[in-house]
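Heads up: the structure comes next, in structure tokens.
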Amino acid sequence: MSEIRSTRAPGPRGRVPISDNDHAPARPRSQSRWKTWGPALLFLLPAIVGLLVFRLIPIGWAFALSFTNWRIFNDIEWVGLANYAHILTSPVSREVLGNTLWFTAMYVPGVMVVSVTLAVLLNNSLRSSAFFRGAFFLPYITATVAVTLAWRWIFSTRFGLLNHLLAQVDIDRIAWLADPAWALPAVAIVSVWKDAGFYMILLIAGLQTIDPGVYEAARIDGARAFRRFYAITLPLLSRSLFFVLILALVRSTQTFEITYALTNGGPNRASTTLAFYIYQNAFVHFEMGYASALAYVLCFVIGLITLLNFHLRRRWVHE
Amino acid sequence: MSLKKTALCASALICIAGAAVAQETTLTYMLWSTDQAEIEAGAIAAFEAANPGVTVEVQAMPPSDYWPRVSALAASGDLPDVMAMSSGFVQEWAAAGNLMDLAPLIGDTSLEGYFESAVEIGQIDGAQVAFPQNWVAPVLYYNRTAFDAAGLEYPDADWTWDDFRTAAEALTIDADGDGTPEQYGYWVYGRYAQTDPWVFRNGGRFVNEDGTALEINDEAVNALAFLASIVDDGFAPRPLELEGIRQQDVFGMGLAAMWVDGSWNIDNNRALIGDSFEWGIAQVPMGPDATPETAVAYAWADMLAVTTDSAQTDLAWALVQHLTGPTLTAADFTGGKVPAWSATAMSEEWLGRGQQPDNMELILEIGAQPLYTGFTPNWSAWRGYAAAGSGGLNGELDEVFNGRKSLEDALAAATAYGNDILSR
């Protein structure tokens, strides 16, 4: 390898100016890149390996499996688009997809309204607000199965607290968990109760970025509380609301634990949503190929809804 | 050879032999109950003591974790030497070639000490792929105190379905006249252990002979229609009415005076009822459509299997024998789980003298009859069991009992769903 020498003229004292680029023998470009990126890559390696092994490779593998009839201990057989065709034609899959959309339609507006209300009510400097923020956040960090068991008692047809309260105002008993019309709303109620505190915290953070001077000006102009909420709070909170909306939408399609513990997907699949159906197919019936196809349908649904939201974002989110 | 060389050679041989003796053999054993693992700990220790150098590595977990775990191990060819096997899964696992045929290992060993019908449950296509540890059967639980109060005779082997209906009506009591009985005559929902005994005792079948398709016969339809009529007539609550109460507690809470479910509920009944009322067990009455050829008892077994991944099958079979034979005592079986080793089952201790019910022999009588399980591959999916319990036939029958669907429509939907699953 020929040595590359400096072509610069000697300096005033006859010395060659010192420059990393010019003075040292030039390294091959790959070696230079390694020096720059190597340590970073080494530090990132555990995360990259984890991401590959536990996320990306399984995601890719699941996609491949969705074209097979793998049932864990049978030979993997390629079935093409049969699983997807079955999902589209099976009345059960259609019912489950319908349930998922119905749950989303109840959960997302419900959790948005409740969390916005809580955030607005608790966005002040009162000492009691700190207590209530903690109290409303508590369900989010409480073990789902434990609280759901309490809710099973609340919803119990004959001995439940809710029906007891309804009886005080002459409303007939409702079979919350055993009536197909009420089972999914019951799951939505518990889900909203559990998650609203988390979204409330996000929205309070958003509320605290709004300049109090804007409210002051509105007050001087005679705007009442509802007007201030409608004309100031909502528009200026729209970026936080958009974030919460996306989170709630994604979460609504992934509901599992509450369904599992509260209704087990019943009665007669009336509260079986896509995530629970995937679990049943994968880990109860061991239909891994079919469950993988369902998972990709779920992925597609989430992607579609999110895309739609980003498209509609410019209409209502104030940048 | 010099003396020194001889001594060296002898020392080397001793070392090699010593190493061989000291070499540990590990036998792996997986089961779906941590309680059962605790119960068997003494028996496992006795096995290790009787087989020096053998260590049994036990892994126990709940059923919801067990089946996914062993399925993954099957896929990777790393199944334990011995695994617990359910009657509901044995066909599927045998068909997948995961279970060793024990017949060559059994050889000339006498199986006389075991309940023959329980041993037969582990036979699939002529191969003994699993061996019973205990077995269970649905029974009719009845509240003797309520029967006495209503002036009724206790159920016996001659009871007909009409007798049952008459008793259910007489035992339904709405003392305060608010339209909701404080005590119903009976309690049923779509669960396999509650409806299927009636179906099979009427000669009914859900599936064809080779278990490849749902073909619900007339006897089965008639049995289910009979149960639906009991609910429709108000002698049993609609399942939605008792939602939120553990189904196995309804009888013990005194909300229903009769109930059909598995014999393993005896333990729960004993704990829940205590001395608050007297109760007994009876056979599910024989149905009007049953013939000597079609009338069967419904029972199934919890079994142990040696897997085809085991490299030490003789030792594995020895462990299976040890855990299914006389080593376990009656105290090792919770009430209503019948030891497969008949001498243990017939012991005074298992028969639970001095406890309710006072006629545990009845379960042994059921086991002596021709048995039928009705299990097929994917049974839990089409029947609607455990985590899939809200769907399948279970979910459809609940719709019938809740008065929201006709039996005809429900069975048509269940058949279509089941055959879709069985055809995959």
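A Cβ is built for glycine as well, from the same backbone N, Cα and C atoms used for every other residue.
Automatic prediction, not curation, is the source of TrEMBL annotations.
Taken from TrEMBL, the feature domain 'ABC transmembrane type-1' applies to A:97-309.
Look at TrEMBL and you will find A:1-31 tagged as region 'Disordered'.
Remote same-chain residues near the transmembrane segment (A:37-64) are listed as 292, 295-296 (criterion: CB distance under 8 Å, separation of at least six residues from the stretch ends). Here TrEMBL flags A:37-64 (among others) as transmembrane segment.
Under 8 Å from some Cβ of the transmembrane segment (A:101-122) lie the Cβ atoms of residues 129, 132-133, 136, 184-185, 187-189, 191-192, 195-200, 202-204, 206-207, 229, 233, 237, 241, 244-245, 248-249, 251-253, 255, 271, 273, 305, all in the same chain and six or more residues away from its ends. Positions annotated as transmembrane segment by TrEMBL: A:101-122 (among others).
The annotation transmembrane segment is assigned in TrEMBL to A:134-154 (among others).
According to TrEMBL, the feature transmembrane segment maps to A:229-250 (among others). Beyond its flanks by at least six residues, the transmembrane segment (A:229-250) meets 104, 107-108, 111-112, 115-116, 120, 195, 199, 202-203, 205-207, 209-210, 214-215, 218, 223, 302, 305-306, 309, 313, 316-319 of its own chain at Cβ-Cβ distances under 8 Å.
For the transmembrane segment (A:293-312), the list of distant contacts is 62-63, 66-67, 83-84, 86-87, 93, 97, 100, 104, 242, 245-246, 249-250, 253-254, 274-275, 277-278, 281: same-chain residues at least six beyond its ends, Cβ to Cβ under 8 Å. The transmembrane segment feature in TrEMBL is assigned to A:293-312 (among others).
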